[in-house]
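Novice: Relevant sequence annotations retrieved from TrEMBL are reproduced here:
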- 140: active site, proton donor (ACT_SITE)
- 211: active site, proton acceptor (ACT_SITE)
- 193, 448, 492: (S)-malate binding site (BINDING)
- 283, 284, 307: divalent metal cation binding site (BINDING)
- 1-10: compositional bias 'Basic and acidic residues' (COMPBIAS)
- 308-561: domain 'Malic enzyme NAD-binding' (DOMAIN)
- 1-20: region 'Disordered' (REGION)
C-alpha cells in the first residue's frame, strides 16, 4: 500500500480516532506518518524526504540498518549498500545492549548511545524504552553531567539549536533554520547551573538533548516535535574559557539589560514561529534568572521550569505516597530543607499548596510548618531584610540557628529534604538525630549528580538502623542491612516532566497552572502499589514509566480542561486511552 505525499499531508485515513476525535503525536499534523502508521500500514519515506538508497541509510529517522527486508532493498536502491543478512529489530536491539554492557566507563556508554541516536532513531528509542532502568542513568543523570563537562572533547556533530549573542536581532531568522516546523516542546538552557556542576556555558547542550530524549522515550512525544536549545551568553568558567576545545563564546557572561533583551527576543520568536501552544521548558538556569524568567513569562507563554516545578511535583508525589508508610496526613508533618534555591523553595511552595488544598487553610498558615536552611543557617524572620525575594515567605519566627544539625534538633522535622547541591551534608549526627524523634524518618537526598548527594542510601539506612524511608535524586544500588534488603527510591524528575508535557500537548493547554502540578503529583503517588510499599519504595519502578506517564498526562489534561486552559475541544471521554494513542512508538515501519 503506497501513500503519496498529498495523502500523508492531508492526514490520510489511518489517524487514531478516540471517542470521535482524530489526533496523533499530541494533536499536530504528522506529515511523515510517524505516529499513524503501524507495521501493517506501509509508508514510502522517499515520497516525503528520502531521495535515494544512500540517503535513506544516512537518515536516522528512516534508517533500519540490516532490518531492511529483501523487497525494501530492491525498492529503495539498497542492494550492495548493506551486507546480505536481514536482522529483526529485536535482534539488533539484543546486539546493541550486549555491546553497551561491554563498556566499563559510563561516558563511553553515553557516547555509544548518542551515536546510535544519530544513526538509527527508532532503534535508539526502542532500546531506551525496553531497558529504561538500565539506560536512564546513561542518557541522563548522572552520566550526562560528565558528558557536559567534556562536551568540547567528545563533540562530533551538533544536536539542537545554538542561539548566542551573535544572533541578537535575528533570532527568529535563526529559528527558521531548524528543519522541523511542527515543534511542540522546546527545552532551553543557558548553561549557567548544570546539575550540581556549575557554569558549563554552551556545553550545557547535553541537558536539553537528554531531557528531550526522555520526552520521547518516557512520554511518547515524537522526536521531530522536540527542539533542544542552548542560549550562549558567555561563561564565567575560567577553565572553559582557557580550553582550546570549548565550543561556546569566549567571554564572561552577559547580564542585566543585554541578557534580558536577548531572552525577551527569544521568547517572542518562539511564539511567533511555533504559536501559542509551544511548550518551553526552562532547564538549569541560575537561581537569579530562573525565578525571574518563570515569573515574567508564565502569564504570556506556556512555560515550565523543571528545576523549580518539576522537582517540586516529583518530590510531592513521593511524600504523598510515603504517608502510607509513615502515617498521618500531609498537614501533620514538619518539613526541613537544606537548600533554599530553585528546587528547595519550589518543593516547599508546592507542599504548602497541597496542604492548603487539603485543609482549606490559607497558604500563609500552611507555610509555617516548612523550614529552610541556606548557607547562612535557618531562615528566620530576623533575617528577612537581607533575604532574596523567593526566600522571604519562609522566614518564620525563631531564634537564629547556624548549622543543619542544630536546626534539626530545634525544629524536630519528620521530613528532611536536601536540595543544596553540596554532597555529604546529611552527616551521621544529622541522620541519627532524625531517627531519635521519628520512628520512620523520611530522608530525601535530592542533589545531583551522585557525587553531590547529601548522603548515600547505605548511610541513611545504616545510621537510622534501617528505619529511614529514603529516596535520592540520582540512583543508588540496593543496600543490605541487618539481614534486610533495602531498595532506595529515586526522586527523578523523569517521572513527571514527560507525562506532564504530554498532558499539556494533548489538551492544547495555553498556560501552566499550579493545580496541574498538584494533579501530576497525586497521579504519580497513585501509581505506587502495595508491592512497592512492601519493599520500602515511595516511587513506582521505571519499568512501568509509559503507563505512569499516560496517567499523569490524563490527570494534567483533565485539570487543563477543568480550568478552561485547554484548546483541543471537545474533551476526549477517556483521557488515559487518548494519551496512550498519542504516544510515539519506535517500532520499524515497512517501506514499500
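Glycine too: its Cβ is placed from the backbone N, Cα and C atoms.
Note that this is a predicted model, so its numbers are computed, not measured.
I'd like these features described in context: how deep, what's nearby, how far apart.
Specialist: Around the Cβ of residue 140 (active site, proton donor), 25 further Cβ atoms fall within 10 Å across all displayed protein chains.
Cβ neighbours of residue 211 (active site, proton acceptor) (same chain, under 8 Å, six or more residues apart in sequence): 140, 187, 228, 281, 283, 306, 497.
Proximity of residue 448 ((S)-malate binding site) to non-local residues of its own chain (separation of 6 or more, Cβ distance below 8 Å) is seen for 141, 142, 145, 195, 196, 473, 474, given in sequence order.
Sequence-distant neighbours of residue 307 (divalent metal cation binding site): residues of the same chain at least 6 apart with a C-beta under 8 Å from its C-beta are 282, 283, 284, 285, 290, 342, 343, 346.
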Novice: With a 10 Å radius around each C-beta, find which of these binding-site residues (283, 284) has the fewest other C-beta atoms nearby.
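Specialist: If we count Cβ atoms within 10 Å for the binding-site residues 283, 284, the smallest count is at 284.
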Novice: In sequence order, which residues at least six apart in the same chain have a CB under 8 Å from the CB of residue 492 ((S)-malate binding site)?
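Specialist: Expected: 136, 141, 314, 473, 475, 539, 542.
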Novice: List the residues of the same chain that sit at least 6 positions away from residue 193 ((S)-malate binding site) in sequence and have their Cβ under 8 Å from its Cβ, in sequence order, or write 'none'.
Specialist: 199, 284, 285, 286, 287, 290
